[in-house]
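The structure appears below as structure tokens.
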Amino acid sequence: MRDHSLEKLRRGIDALDQEILDRLNRRMRLVEQIGRIKAEKGLDTFDPGREEAVCRRLVEANPGPLPAESVRAIYREILAASRKLQQPLKVTFLGPEWTYSHLAALSVFGHTARYVPQAALVDVFDSLCKGLSHVAVVPIENSLEGGIGQTMDLLYERPVRVVGECYLEVAHCLCSRAADFGSIGKLYAHPHALGQCRKWISEHLRHAEIFECASTAKAAREAAADPASAALCNVKAAEHYGLSVLAERVEDHPGNTTRFIVLGLKENTPTGDDKTSILFAVADKPGALYQVLDVFTLHGLNMTRIESRPNRLHPWQYLFFADIGGHEKDKHVEDALKEAASRTTFFKVLGSYPRANPRNPIRFDLERSRFGG
Ligand SMILES: O=C(O)C(=O)C[C@]1(C(=O)O)C=C[C@@H](O)C=C1
């Protein structure tokens with residue numbers, strides 16, 4: 001028997017879908033016009049500040065029942081389609097495919113960007129600096145393991161700008177071609193994944209010989225070649241390399257999150273809720289670091305991170321990486337940066353970008369292989 005009320009509702013949906021499509025195409029015609037202006041003026045297609053402003057405005061104006069995370073997910077793909085019409089955006093990251101960097105890049109740039117995996121982190125920076133990619137996505141710190149030293153070194157050495165950030169929940173799985181733990185003699189894993197799963201491994205895989213790999217996806221690739229081995233990787237890498245998931249979420253602490261930064265070559269426009277990353281060195285004298293930090297206190301700027309790293313060009317000297325609230329173009333931030341710089345021996349603004357919320361990381365839904373809130 002035909003259900004007339006169901007058919008009527010579906011006719012309503014069809015009419016609305018047509019309206020959404022017409023409006024999306026009207027939007028895309030405006031996007032094409034902007035694309036032509038940008039091309040004439042030599043401006044970048046990707047404007048992270050504007051994109052964040054578009055999403056934030058919609059999330060704030062959203063009356064529901066559509067959840068905020070769905071508004072963001074839908075607009076992630078609409079904006080990706082917009083950029084693709086203007087000029088396909090090339091996004092580079094540490095590969096192979098389905099590393100956490102790849103997942104982070106997908107969560108920022110959607111599925112229609114062009115993804116360019118690299119074999120090493122230095123190649124990711126070089127691809128951007130040589131103009132072979134428009135943007136790069138690299139890990140900068142993990143909630144359990146701390147700063148990613150190699151990224152910090154390359155931020156010091158290369159003329160790149162930080163133009164965005166995102167937090168991604170890291171959910172490691174033990175994946176293998178083997179049917180159970182008993183037959184696993186080797187474990188392939190990235191050193192950070194090993195650090196994050198230390199306790200679990202000592203309880204469940206004490207007998208396995210450990211082989212470190214340059215990425216979690218490479219670990220999956222190695223495990224695919226040897227049925228008596230396993231890898232610590234995400235569920236997408238397991239799927240891609242034909243591995244079964246033997247155990248889910250094997251990290252020692254829930255809430256394991258990695259912060260990724262988006263790199264570009266140009267400055268960002270302010271959005272009203274930004275963060276600025278800086279890098280500096282101070283003289284070898286009492287109170288030198290305090291003098292710099294004091295400037296931010298006096299200007300009422302919140303410092304959300306400070307981390308030191310050995311300066312590889314000058315042994316036993318240190319570089320400080322810090323993040324403060326605000327945009328370098330905000331007057332009070334600009335004044336503070338100028339004053340702080342005058343108290344250092346080296347000072348570099350790495351970039352200002354829309355602030356992301358570490359307490360609400362992007363989650364990769366293991367069951368549905370989709371991004372959630
Ligand atoms: O406003 C722009 O600069 C656009 O190019 C349009 C648009 C959009 O679709 O809203 C597309 C790409 C940019 O990264 C930002 C926004």
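Any Cβ shown, glycine's included, is placed from N, Cα and C.
Automatic, uncurated: that is what TrEMBL annotation is.
Lifted from TrEMBL, the feature list:
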- R10, R27, K38, D47, E51, S82, Q86: substrate binding site (BINDING)
- 1-90: domain 'Chorismate mutase' (DOMAIN)
- 90-265: domain 'Prephenate dehydratase' (DOMAIN)
- 277-354: domain 'ACT' (DOMAIN)
- T258: site 'Essential for prephenate dehydratase activity' (SITE)
Through the lens of DSSP with three states only, how would you label R10 (substrate binding site)?
helix
Which whole-number mean pLDDT does the model give the domain 'Chorismate mutase' (1-90)?
92
Can you give me the Cα-Cα distance between R27 (substrate binding site) and T258 (site 'Essential for prephenate dehydratase activity') in Å, rounded to a whole number?
34
Just to verify a number: CA distance, S82 (substrate binding site) to T258 (site 'Essential for prephenate dehydratase activity'), in angstrom, no decimals.
28
Roughly how many angstrom lie between the C-alpha atoms of Q86 (substrate binding site) and T258 (site 'Essential for prephenate dehydratase activity')?
31
Determine the most Cβ-crowded residue among the binding-site residues R10, R27, K38, using a 10 Å radius around each Cβ and all protein chains in the structure.
K38
Just the number: how many Å between the Cα atoms of K38 (substrate binding site) and T258 (site 'Essential for prephenate dehydratase activity')?
33
In Å, how long is the longest CA to CA span across R10, R27, K38, D47, E51, S82, Q86, which the record gives as the substrate binders?
41
Can you tell me the CA-to-CA distance separating D47 (substrate binding site) and T258 (site 'Essential for prephenate dehydratase activity'), as a whole number of Å?
23
Can you count the other CB atoms that lie within 10 A of the CB of T258 (site 'Essential for prephenate dehydratase activity')?
24
